[in-house]
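Read through the structure below, which is laid out as structure tokens, and then see the notes.
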Amino acid sequence: MMDSALYHPRIFFAHSFINGLYSSPRFANTCWRLVSRSSWEIKASENSDRNVFDENPVRKTDGSLFDSASFETVDAEITPETDDFFVSDAEGDPDCPTQGYSSIELALQALRKGKFVIVVDDETGDVEGNLIMAATLTSPKDIAFLIKNGSGIVSVGMKKENLERLSLTLMSPEMEDEDSSAPTFTITVDAKSGTSTGVSASDRAMTVLALSSLDAKPDDFRRPGHVFPLKYRDGGVLRRAGHTEASVDLMILAGLRPLSVLSAILDQEDGSMASLPYMKKLATEHDIPIVSLTDLIRYRRKRDKLVERITVSRLPTKWGLFQAYCYRSKLDGTENIALVKGNVGNGEDILVRVHSECLTGDIFGSARCDCGNQLDLAMELIEKEGRGVVVYLRGHEGRGIGLGHKLRAYNLQDEGHDTVQANVELGLSIDSREYGIGAQMLRDIGVRTMRLMTNNPAKFTGLKGYGLAVVGRVPVVTPITKENRRYMETKRKKMGHIYISDNNDQPLA
């Protein structure tokens with residue numbers, strides 16, 4: 001039988017003969033099995049005349065079938081489905097705040113009233129939080145509060161056109177590089193009118209208001225000064241996940257002019273960067289909404305149009321005829337593809353696979369993962385259904401870490417790390433993929449409700465809340481091999497992927 005740590009010995013697979021891969025008639029003609037809790041049913045073909053298997057399957061050294069290089073796909077005659085992915089409806093809603101944080105809507109309400117908001121950039125690692133408010137609504141009292149609880153540096157987030165209008169050049173021209181992650185400070189300024197030394201809360205408030213004025217001119221300011229203009233990068237937090245971009249984005253979303261006042265929050269006891277508990281205490285004491293930058297990114301991704309359709313072309317494949325839709329990201333120019341089978345029609349109950357790019361698995365047939373097998377199976381099942389969509393997302397290599405880092409992680413796995421430990425050892429995210437682009441592609445194609453082919457709860461939740469409803473899940477069940485067994489076991493245990501238990505008939509959560 002199959003060398004597998006995840007599947008019970010009695011579970012069979014009816015293997016599709018895709019890419020010339022070998023299989024076994026004996027293995028394929030075993031009996032069917034019903035998995036009760038999730039209503040999955042995978043059934044072997046009862047048609048012994050069906051010639052889809054290699055007559056000379058490769059054997060292991062001990063004579064058994066399926067050596068470590070075998071990674072066939074499953075032929076599911078009855079599409080396995082489940083209605084539940086063990087997550088709440090709110091979990092995948094981009095408008096639902098991270099636990100312990102305020103909603104973006106609450107923050108926008110506060111900003112419209114001239115109140116402060118705290119923006120935190122990383123709720124899991126080394127955090128940095130900024131107090132922000134609308135520059136156009138700033139008072140001396142607000143600046144005094146900002147100086148007391150912040151770093152003492154009062155900054156103003158501004159768009160490029162406003163900086164150019166006031167002839168505010170960057171302190172370091174090399175920071176003009178759009179790929180730089182560092183904040184882009186301009187020459188500091190003080191307002192000439194209505195100020196003395198420029199250092200008091202009143203003087204700095206006057207400078208902030210002068211920078212916000214539509215009538216302001218370059219000659220209205222002394223250089224250097226005590227207020228630090230910051231250049232906002234076009235695209236906002238969708239281009240650079242920084243506090244400058246977050247603060248200006250929030251002003252735009254609140255319907256205010258795109259100018260913000262901000263300062264990093266310090267611990268008043270020792271002068272260090274404030275911890276998350278410290279910032280939450282400050283927020284509670286002063287009734288200030290505190291929001292996660294991650295939540296703001298999700299909020300914007302739901303509302304902004306992130307892709308544009310470039311072209312549609314007929315694409316014959318080895319599975320059948322599809323229509324290829326090419327989309328270009330408005331954020332970074334990356335081109336993604338969706339393969340559409342049949343007529344989407346009213347967009348209801350569409351079989352969908354959102355597949356993350358995996359060069360090694362999809363193209364070169366790597367046995368380290370199950371990616372290529374999953375893509376093959378998705379194409380086959382959609383062809384059989386006669387109606388469905390495969391979205392292929394680039395930039396997801398190695399769960400978002402990139403090809404080079406993925407290969408470095410492979411070396412660590414060969415030394416004994418699992419796929420999660422390897423990413424952590426490299427100082428990288430376990431899974432940094434984001435599915436908003438894919439969701440918008442599906443919406444443009446016309447999909448409204450879908451049966452999602454995935455084993456990954458993060459993918460399920462990542463597609464919810466974009467005007468799409470996931471009405472069912474189709475597990476993508478592919479064989480386990482000697483090479484990918486530990487990888488898939490780690491995904492099940494540490495990342496919540498759902499497979500079939502090796503001990504019982506229940507789906508694994």
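Cβ atoms are placed via backbone N, Cα and C, with glycine included.
Of the listed candidates (Gln323, Gln374), Swiss-Prot assigns Gln374 to the same GTP site as Arg353, Val354, His355, Ser356, Glu357, Glu397, Gly398, Arg399, Thr419, Thr454, Lys459. Comparing C-alpha positions, Arg240 (D-ribulose 5-phosphate binding site) sits nearest to Arg433 among the recorded positions His355, Cys358, Arg433. In the three-state DSSP scheme, His243 (D-ribulose 5-phosphate binding site) falls into the helix class. When the C-alpha distances from Glu357 (GTP binding site) to the binding-site residues Asp126, Cys369, Cys371 are tabulated, the minimum falls on Cys371. Considering only the recorded positions Arg353, Arg399, Arg433, the residue whose Cα is spatially closest to the Cα of Cys369 (Zn(2+) binding site) is Arg399. Taking Cα separation as the measure, Thr454 (GTP binding site) is nearest to Cys371 of the recorded positions Gly242, Thr244, Cys371, Arg433.
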